[in-house]
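Look at Swiss-Prot and you will find D84 tagged as active site, proton acceptor, backed by sequence analysis. According to Swiss-Prot, the feature site 'Important for substrate specificity' maps to R15, T85, Q167, an assignment based on sequence analysis.
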Amino acid sequence: MLVDKRIYLASQSPRRRELLKQIGIAYDVLPLRAVSGRMDVLEVAHAGEAAPDFARRMATEKAACGWRAVDLRRLLRFPVLGADTVVELDGDILGKPADRAAAKAMLARLSRSEHRVHTAVAVQHESRVDVRLSSSRVKFGALDDALIARYLETGEYLGKAGAYGIQGRAGAFVEYLEGSYSGVMGLPLYETAALLREFGLAV
């Protein structure tokens, strides 16, 4: 058992850090880029890859990349957690916008639309890897050009799938949400806690 031990978080997301703290998980952030050059995961969907499968694959690859970093840096061998969030609209995957124009286009598409948010969380320890998925339905109200422009000025869209963060000002865009609020934020707490317990952590 790894009771009261730490994990490594293979993510720079402040939201995921906050959520792990919320459920009492001790962690160290694992900066993948600092290990033997760039170790980033290429976040590109395969042709025909469904959004939930893409999220699972990305989370698994991030955890695996983190585990390689543990090996290379000869770190204490705690489990590595990776996660990935994707927004799906009409079968299209909306990832992190490349720039402000891309963010504006995404938000315009999400206006008055129901979309799905898929967040996968994966844990690797030695050769063992497991993954869980949370999928939620989110409906936005009407977003006119002025409202989108004001939101873009906040910069909240940066680094966020679908160009919004539900825990920030975009929370006012949500007409309804069916599923996991923490999953839409970026780390589904129910699935995360269940997965960490399977790896022997006290949650």
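Residue numbers in this text run from 1 along the chain shown.
Cβ coordinates are placed from backbone N, Cα and C, and glycine is handled just like the others.
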Select the most exposed residue of T85, Q167, where exposure means the fewest other Cβ atoms within 10 Å, treating these as the recorded sites.
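Minimum Cβ neighbour count within 10 Å, taken over the recorded sites T85, Q167, occurs at Q167.
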Around the C-beta of R15 (site 'Important for substrate specificity'), how many further C-beta atoms are within 10 angstroms, looking at every protein chain?
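For R15 (site 'Important for substrate specificity'), the 10 Å Cβ neighbour count is 20.
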Give me the CA-CA distance between T85 (site 'Important for substrate specificity') and Q167 (site 'Important for substrate specificity'), in Å, as a whole number.
14
Within 10 Å of the Cβ of the residue listed as 'active site, proton acceptor', how many other Cβ atoms can you find? Include all protein chains, please.
27
What does the structure give for the C-alpha distance between R15 (site 'Important for substrate specificity') and D84 (active site, proton acceptor)? Integer Å is fine.
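Cα-Cα distance, R15 (site 'Important for substrate specificity') to D84 (active site, proton acceptor): 12 Å.
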To the nearest whole angstrom, what is the C-alpha distance linking D84 (active site, proton acceptor) and Q167 (site 'Important for substrate specificity')?
17
In three-state terms from DSSP, label R15 (site 'Important for substrate specificity') for me.
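For R15 (site 'Important for substrate specificity') - judged by DSSP and reduced to three states - the answer is helix.
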Determine, from DSSP, whether T85 (site 'Important for substrate specificity') sits in helix, strand or coil.
strand
